[in-house]
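Copied from Swiss-Prot, the annotated features are:
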BINDING   K46, G53, R54, G55, E100, Y103, E108  ATP binding site
BINDING   N200, D214  Mg(2+) binding site
BINDING   N265, G322, I323, V324  substrate binding site
DOMAIN    9-245  domain 'ATP-grasp'
Amino acid sequence: MNLHEYQAKALLKEYGMPVQEGILATNADEAVAAFEQLGGKFAVMKAQVHAGGRGKAGGVKVAKSKEDVIEFANNIIGTRLVTYQTDANGQPVNSIIVAEDVYPVERELYLGAVVDRSSRRITFMASTEGGVEIEKVAEETPEKIIKVEVDPLVGLQPFQAREVAFALGLKDKQIGQFVKIMTAAYQAFVENDFALFEINPLSVRENGEILCVDAKVGIDSNALYRLPKVAALRDKSQENERELKASEFDLNYVALEGNIGCMVNGAGLAMATMDIIKLYGGQPANFLDVGGGATKERVIEAFKIILADTSVQGVLINIFGGIVRCDMIAEAIIAAVQEVNVTVPVVVRLEGNNAELGAKLLDESGLKLISANGLSDAAEKVVAAVKA
């Protein structure tokens, strides 16, 4: 679950981190009032969406007058912002931040942290190249990225934060400020189950103060049950409708940009299914794992979610029966096809527990389903059906 910039800043401020002050506005009148509250001379206005690249997409603008504020607010609130991190439909802009003037600045730095699954530790990253996409820095000048792994048994140590401060070229009182910021960031990360944390830019002002000008926070969705305060910040309007619907039925669904819908039980098999579809020249439209304990109802909902994607031109159902019986899956497929107006080819591959019984049920259903013998055969058939 992602947070908006204003939500992330408010959360980090609770941990004592110095953040750029901003006022949320949902219409032009509120934006003008916020602009005047901040002095009425200069402000930065930022569209609030769950995506990076807002500046290049027209989602960030400097305002030097009330007219600038009114124009920006009227033009962007209620629209959808398309950036390099969104799909072609973009994300809805329901509000903007009118933020205080923090310029000029002496330097712009980067500070971020993720859970590194290879080392099984929280890893901090810092760079002198703030204000630009960290992915671009990693690709073009990886030597400019400083990494620090945190031992979960002892947590972030002050000496680690100081080493990063020295590597960033900070001096005198700036070192102490940075240590406090990095320590607070680690505390917020652990206590709120962050999956991702970024301050970009972390600005060094001309007066020597360090300030968090932007903030990006992603929360581990699996931890929301123990984070009621954070869970209340969820903005469902920013989430993919199909992914949101899938979460209600405990389905693991991720929308992709292909045209072949996939329904599989097991994450590993689902990834293998997507790989083999691509091997045969197709493009998967989604990742969908119905899970090892899939019920008939969940399979029906999974089918509906797949077909709700208008780009889907074919469906591959790949089930390996273990805990899940193939005959139960077959019954669910039949029920779903009968309930939903299916106009695309559906290829079904069943293996394992009661696979023969499941195949028999499908054959006797009278529905236009394409049976497959093996994964390669299934992938070849669905790609051919879509291209036909």
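Each position is counted from 1, following the chain as shown.
Each Cβ is built from the backbone N, Cα and C atoms, and glycine gets one as well.
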N265 (substrate binding site) to G53 (ATP binding site) - Cα separation in whole Å: 35
Listed binding-site residues (I323, V324), ranked by Cβ neighbours within 10 Å, top entry: V324
Distance [Cα-Cα, Å, rounded] between E108 (ATP binding site) and N200 (Mg(2+) binding site): 8
Nearest-integer angstrom distance between the alpha carbons (Cα) of N200 (Mg(2+) binding site) and I323 (substrate binding site): 46
Separation of alpha carbons, V324 (substrate binding site) and E100 (ATP binding site) (Å): 56
Maximal Cα-Cα distance (Å) across residues annotated as binding ATP, namely K46, G53, R54, G55, E100, Y103, E108: 20
E108 (ATP binding site): tally of other CB atoms within 10 A of its CB: 17
Top Cα neighbour of V324 (substrate binding site) in the set of binding-site residues K46, G53, D214: G53
Shortest C-alpha distance to R54 (ATP binding site) - which of the binding-site residues D214, G322, I323: D214
Inter-residue C-alpha distance, G322 (substrate binding site) and G53 (ATP binding site) (nearest angstrom): 44
N200, N265 as binding-site residues, winner by CB count within 10 A: N265
